[in-house]
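For reference, the structure discussed in these notes is given below.
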Amino acid sequence: MRTRVDLSTEVGTRENSSLHHESPPMSNSTFQQYGTSLPSDCQEKGTPSYSRELHHVQSCVDDEVSSTNAKQDDSKLPNSLGKKSMPPHLRQRENEDSTRKDESDYSYLPTQFGKKSTPPQSRKPQRGQPYHRHDVGIGNSECPRGLQKFEPFDICKSGVMHPVNLNSPLHVSNRDKQNEIKHSMEGTTQEVLRPGMVLLKGHISLTEQIKMVKKCRDLGVGPGGFYRPGYQDGAKLRLQMMCLGMNWDPQTRKYEKRHPLDGSEPPDIPQEFSVLVERAIQDSQSLIKKNSGENNVEDMLPRMSPNICIVNFYTTSGRLGLHQDRDESEESLLKRLPVVSFSLGDSAEFLYGDQRNVDAARRVVLESGDVLIFGGPSRHIFHGVSSIIPNSAPNSLLEETNLLPGRLNLTLRQF
């Protein structure tokens, strides 16, 4: 209900009241507040001028009160009252604009804001799918806490265009097939680089290479997949790494049971990888026996059953300094069990020698499908990768796997 202000206590009576009603004298400031002044001829109540000015002031106050009450009453009405009906297509557009505005207003909030937390035990990531870790360590005392979100590196991202020789596409597409047929007919090139160190050129067929790349990709985007390792001081290795069987930490130089980023257990070594290792060691022992004439080749190159596989992916700018592999168990090092290295993708310039001296190191180019083995007297040699040769991977391998430009290297060993 709208109210009416009565000024009789300050300025006298209403217009319909007696002009002789007694009330306190009215000041000129009261009239000035509402845009008028008290004339000199109406300083006292009861005069006609005084009555007219009083009526004017009361009317102003009534209008002001009516306006205020109307605003208060209108605020209680629905927003749509009095608005013109909007066509459906315009109303839908207005709703969409409002929704976008609401979303932008909360863009600063975390993506998980308002979502129900899911216990880590209920999350079961599948192999071959990108893995995102959330709150690793909760409910598992062996898993480190305070880990950040981890998205594995994908070595075979879709949509990547590899360089192709447009002048002779037929030659490029047939070159790898011709080389594979040639290797199968003539046999692979085998060479003893030094005592206990053997290079098997083209030992892995193209079909086997394709299967290996695909397998590494499937494992690499899952839990415990590819990541760029580094050190406490912030330095990073110039490669992406994934460990199978046991995880190797370059900071501590120790083998552990958990991945440093997502806390997962390393995937198992695929059986087909172990079969290739056994075949490569047998062929290497046969070569050593043939060249040296010795019957006991176990001292020169012992057998081993791999339970560790370090998979490194080097981009075209990847490098690895000279180092020794001395982090395996004392028993494995004393027996000088060999390290078996598989090369896939782009070729690499490989360095090796008895000292950590790049200038004094010997060099050999490792191509896709090559196998390098060093054990026995060569088990503790310094070795590294000085450069990756761009656009040197077999074209058929790239077409079948969509492998990124770079080199995929698997080194298998026994802890």
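Yeah, the Cβs are placed from backbone N, Cα and C, and that goes for glycine too.
Summarising the annotation, TrEMBL assigns Fe cation binding site to HIS323, ASP325, HIS383.
What TrEMBL records for 25-50 (among others) is compositional bias 'Polar residues'.
Marked as compositional bias 'Basic and acidic residues' by TrEMBL: 91-104.
According to TrEMBL, the compositional bias 'Polar residues' annotation covers 114-123 (among others).
Annotated domain 'Fe2OG dioxygenase' per TrEMBL: 305-415, in sequence order. Mean pLDDT of the predicted structure over the domain 'Fe2OG dioxygenase' (305-415): 97.
The region 'Disordered' annotation in TrEMBL covers 1-143.
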Number of Cβ atoms other than its own within 10 Å, given for HIS383 (Fe cation binding site): 24
For HIS323 (Fe cation binding site), the number of other Cβ atoms found within 10 Å of its own Cβ: 11
The domain 'Fe2OG dioxygenase' (305-415): DSSP-derived helix, strand, coil residue counts: 16 helix, 49 strand, 46 coil
Local Cβ density at ASP325 (Fe cation binding site) - other Cβ atoms counted within 10 Å: 17
